[in-house]
Amino acid sequence: MGEIGEKLEIDFVISSGDNFYEDGLNGVNDPAFQHSFTNIYKAPSLQKTWYNVLGNHDYRGDVEAQLSPILREKDKRWFCLRSYVLHAEIVDFFFIDTTPFVDDYFTNPKEHTYDWRGVLPKDKYLNDLLKDLDLALSKSTAKWKMVIGHHTIKSAGHHGIITELAQQLVPILEEHDVDFYINGHDHCLQRIGSIDSKLEFLTSGGGSKAWRGDVKGWNPVELKFYYDGQGFFSIELNQKEVEFVYYDVFGNVLHKFSVSKDSCVSSQ
């Protein structure tokens with residue numbers, strides 16, 4: 001990542017959630033913050049702001065710790081809120097808190113304890129989140145719109161389709177012509193298109209462990225790329241075109257594609 005970051009002269013980094021395994025942070029002084037973040041991403045090119053979303057594993061710890069400004073004092077790169085918008089000139093990134101959408105975490109938590117402070121009552125929280133997202137998307141004048149959430153909406157990986165998000169979130173994304181939904185959750189790299197819209201679903205969940213061979217069948221017309229290993233991807237864009245490049249852990253290019261905004265044509 002450091003080498004690619006230097007080559008591309010990156011502006012910032014986006015993390016798609018599950019920031020700390022297995023059970024988030026236990027507080028603002030948890031040494032896991034240094035062990036899993038500060039002391040890992042030490043390359044000069046990665047000394048940029050990291051924009052994070054929360055994942056389900058983060059909710060198994062002290063969520064408020066990850067949201068605390070104290071972590072920014074410990075490492076100025078760290079930025080994490082539940083849901084927010086990053087205005088980056090020609091592109092707007094809409095970060096959304098997807099974990100509370102998943103009913104199973106409430107009804108069947110198994111041995112896990114989730115930190116639902118600030119989320120309950122759930123229905124009001126989700127209604128407000130969706131309204132805020134709908135309003136922010138409607139006001140956006142950016143050339144490109146990308147939504148970042150931890151959970152999968154379309155995936156050929158282990159978790160597959162998260163029904164709650166497919167039902168509640170996708171109609172809003174399509175109504176406002178969102179270009180890409182970017183997620184983690186499944187420990188792989190993948191790209192899935194849509195037969196009936198321009199919206200594409202991009203998974204970058206291979207930043208730590210990966211699940212070799214854990215792949216389901218998917219319509220080959222939609223499934224453009226799947227890699228069951230570790231890696232990451234980069235985004236470069238201008239007013240007319242965006243290019244995504246997927247890399248393995250050694251920086252080898254696995255897949256790349258570009259989309260033209262004017263023609264909405266994808267090439268690879």
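The backbone N, Cα and C atoms fix where each Cβ goes, glycine too.
Feature annotations, reproduced from TrEMBL:
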DOMAIN    4-188  domain 'Calcineurin-like phosphoesterase'
BINDING   Asp18, Asn56, His150, His185  Fe cation 2 binding site
BINDING   Asp18, Tyr21, His187  Fe cation 1 binding site
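The Cβ of His187 (Fe cation 1 binding site) lies under 8 Å from the Cβ of Gly157, His158, Gly205, Gly206, Ser208, Lys209, Ala210, Trp211, Asp214, each of which sits 6+ residues away along the same chain. Counting Cβ atoms from all protein chains shown, Asn56 (Fe cation 2 binding site) has 21 others lying within 10 Å of its own Cβ. Each residue contributes its Cα atom, and for Tyr21 (Fe cation 1 binding site) and His185 (Fe cation 2 binding site) these two points are 12 Å apart.
Taking the mean position of the Cβ atoms of Asp18, Tyr21, His187 as the Fe cation 1 site, the remaining same-chain residues with a Cβ inside 8 Å of that point are Gly55, His57, Gly184, Gly205, Gly207, Ser208, Lys209.
Just so you know, of the binding-site residues His150, His185, the Cβ with the fewest other Cβ atoms around it within 10 Å is the one at His185.
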